[in-house]
Amino acid sequence: MVGTIQNRDQFLNQIANRLNRPRITIPIERPNWKYQPQYDVFKDTSQDELLEILKKQCKIIHTKIFTTDLAGLPGVVNDVVTEYGGGPVVTWKDERFSKWGLDPLMKQQWPAHNIELFEWDYTLGDENIHKAENANVGITISEITLAESGTVVLFSDKDKGRTVSFLPATSIMLIPKSSLVPRITQAAVKMREIFQETGHVASCINFITGPSNSADIELNLVVGVHGPIKATYIVIHDL
Amino acid sequence: MAMKIGTEQFKERVDNGLNDEFMRGAVASAQDGMSLKRRAVTTDELGNWEEWRNHAEEIRQHVLEHLDFYLEQLSENVAKRGGHVFFAQTKEDANEYIRSVVQMKKAKKIVKSKSMVTEEISLNAMLQEEGCEVVETDLGEYILQLDDHDSPSHIVVPALHKNKEQIREVFAEKLGYTKTSKPEELAYQARVTLREKFLEADLGITGCNFAVAETGSFSLVTNEGNADLVTALAKTQITVMGMERIVPTFEEMEILVSMLTRNAVGQKLTSYITVLTGPREDLDVDGPEEFHLVIVDNGRSDILGGEFQSVLQCIRCAACINVCPVYRQIGGHSYGSIYPGPIGAVLTPLLGGYDEYKELPYASTLCGACTEVCPVKIPLHNLLLKHREMIVEKEGKAPVSEKLLMKAFGLGAASPTLYKIGSKLAPTALNPFTSGDKISKGVGPLKAWTEARDFPAPNKERFRDWFKSREKGDK
């Protein structure tokens with residue numbers, strides 16, 4: 001359904017008027033900017049080097065980071081969930097969990113140890129939010145990972161609820177090593193490419209950098225405000 | 001809260017600020033700490049920092065020059081995604097539209113994430129008139145709201161003027177809080193109380209850091225994650241944006257977001273940069289079912305095309321506030337506006353008029369520190385000077401505060417005889433107020449100065465006498 005637009009012409013005419021020219025009616029080409037410093041940051045840096053930059057940044061953003069290969073992944077995920085105090089765990093509905101060999105852990109081992117797992121299921125409606133709200137751990141997957149700032153990028157869709165990454169008390173983000181890029185610049189270029197190819201943008205694209213925090217009380221940093229109190233990144237080497 | 005805060009006159013507000021020792025200590029250490037953090041991720045880390053500023057400036061200037069085009073493109077793309085767009089010429093228009101949405105949705109419980117433009121248009125007052133419970137969810141703003149709607153004193157850290165003990169008292173009185181004044185415990189209490197508010201809200205209201213014309217998206221920048229909860233849980237969402245807060249594409253958005261987070265809080269990125277497009281999609285479970293974007297002019301178009309246009313480049317990072325020597329001494333409330341510091345001294349009189357705010361352009365030493373740090377290169381101190389010129393032209397005189405000050409100093413210096421007597425008497429007259437070579441407790445015209453800093457004490461020997469003796473060959 002197309003939405004409504006009200007009072008536009010009068011409003012935009014006033015702007016054109018103040019700028020002392022008629023309304024612009026022909027689409028404007030995106031300018032060739034004179035300055036482009038953003039592409040120089042970590043230019044020609046290898047994936048291994050980007051990983052080292054990410055690890056260093058994680059110290060600043062109060063985030064634990066582990067690296068593992070696929071064989072070691074279930075063990076690392078289990079260790080972090082255990083350290084965070086166990087379930088309930090909530091995840092997206094995403095076939096990559098299964099492809100990466102997490103089924104035995106998530107679907108057999110955890111239930112056997114009374115660690116409840118809930119997989120996002122849009123057919124259940126608001127029940128999903130209730131589950132996310134009561135979960136101890138939320139597990140998501142980074143589509144693009146920014147080394148400079150230590151940021152994971154999550155795209156929402158019907159199987160990937162927004163709230164999985166911010167309602168549970170703690171958060172685990174799985175990071176395929178190949179998703180590492182120097183900085184937010186490359187993510188913005190990629191987002192634009194996706195839009196130009198598909199004509200579509202996810203309704204929520206979230207750049208998340210560690211756990212939530214605030215310095216609003218006497219500028220003291222408090223980690224864990226409205227979003228997760230703790231966050232861990234797990235980088236998967238052979239992806 | 002409207003743009004105007006407090007009821008006192010400028011001088012009284014400044015007096016209050018100067019007498020608030022905790023606030024002044026807090027502001028001084030906040031300025032030092034935040035400036036240090038900012039420098040670490042700007043000039044220190046990025047060798048080509050000037051190029052970044054130049055790029056940010058060229059983006060902002062281009063957008064302002066083509067603002068009608070980009071706003072049209074934005075509105076088309078928001079509507080394509082099923083969002084509703086309302087262009088509000090005045091704050092009254094904005095409030096009436098939002099009122100109609102509130103009534104239509106029968107909304108009673110509203111959560112908000114931090115937004116300067118909603119303060120500027122006094123949105124909360126209207127919502128309360130409608131009988132709604134409005135909860136500010138940014139921790140700093142929540143503290144102020146609980147404390148009987150105390151005013152913000154900084155655009156990034158609104159409760160900067162409060163200490164943790166005062167905050168504990170507010171929480172104890174309003175929330176029945178029984179724990180200590182440790183920031184972690186206070187923040188946890190806010191988390192628990194506000195989590196309930198997020199879950200039960202029927203309407204979420206946000207501001208907008210940068211809208212993206214090409215896709216009809218907009219971004220929200222927070223550290224606490226409150227904007228995510230405001231926009232994920234309520235069924236209806238209203239986003240209010242100042243009309244200049246827009247970029248062409250995601251690629252310009254990332255530059256300005258990077259400039260904002262580095263300059264505001266010294267972070268490469270904040271914990272949450274949330275990019276939202278339209279309402280939730282078919283089959284999505286979270287996110288709003290209905291989305292309204294309200295684009296606000298409220299005096300901004302009058303600034304376009306004139307000598308002050310560059311002030312609309314502002315990205316609300318507060319870097320200028322964090323380096324201002326005047327803000328350091330008088331604090332945020334002295335400006336009588338939700339926009340304090342150098343940016344406030346330029347912007348507030350433009351939006352609120354000279355009648356109310358003619359003193360603000362004089363709350364500056366014109367040292368230019370603000371202009372030097374501004375990431376989008378607004379010539380702030382030049383604009384302050386421009387304001388002064390216009391005020392003098394309009395009023396035929398400088399505002400009273402400056403006139404009195406000038407008169408007080410000018411009288412003694414203008415007449416050689418008076419000056420001679422004055423400077424001869426000064427060491428003796430000022431003795432009771434002098435400690436070492438500084439006057440720390442001034443009287444008369446010096447009072448305003450020494451409340452903020454020491455003034456060098458007059459020499460025991462006057463320059464004229466010294467010079468005369470030297471001429472005679474005594475020295």
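Numbers here mean position along the shown chain, with the first residue as 1.
A Cβ is built for glycine as well, from the same backbone N, Cα and C atoms used for every other residue.
Because TrEMBL annotations are produced automatically, they should be read as predictions rather than curated entries.
Of the residues proposed, B:Cys208, B:Cys374, the one TrEMBL records at the same [4Fe-4S] cluster 1 site as B:Cys314, B:Cys317, B:Cys320 is B:Cys374. Here the domain '4Fe-4S ferredoxin-type' (B:311-378) is broken down by DSSP into helix, strand and coil counts: 42 helix, 1 strand, 25 coil. Its Cβ taken as reference, B:Cys320 ([4Fe-4S] cluster 1 binding site) is surrounded by 26 other Cβ atoms within 10 Å in the chains shown. Ranked by Cβ neighbours within 10 A across all protein chains shown, the binding-site residues B:Cys367, B:Cys370 are led by B:Cys370.
The [4Fe-4S] cluster 2 site is set by B:Cys324, B:Cys367, B:Cys370; from the centre of their CB atoms, other residues of the chain with a CB within 8 Å are B:Cys320, B:Val323, B:Pro325, B:Val326, B:Tyr327, B:Pro342, B:Ser364, B:Thr365, B:Gly368, B:Ala369, B:Thr371, B:Leu380, B:His381.
For B:Cys314 ([4Fe-4S] cluster 1 binding site), the nearest neighbour among the binding-site residues B:Cys324, B:Cys367, B:Cys370, judged by Cα separation, is B:Cys370. Between the CA atoms of B:Cys367 ([4Fe-4S] cluster 2 binding site) and B:Cys320 ([4Fe-4S] cluster 1 binding site) there is a gap of 12 Å.
The average pLDDT computed for the domain 'LUD' (B:71-296) is 96.
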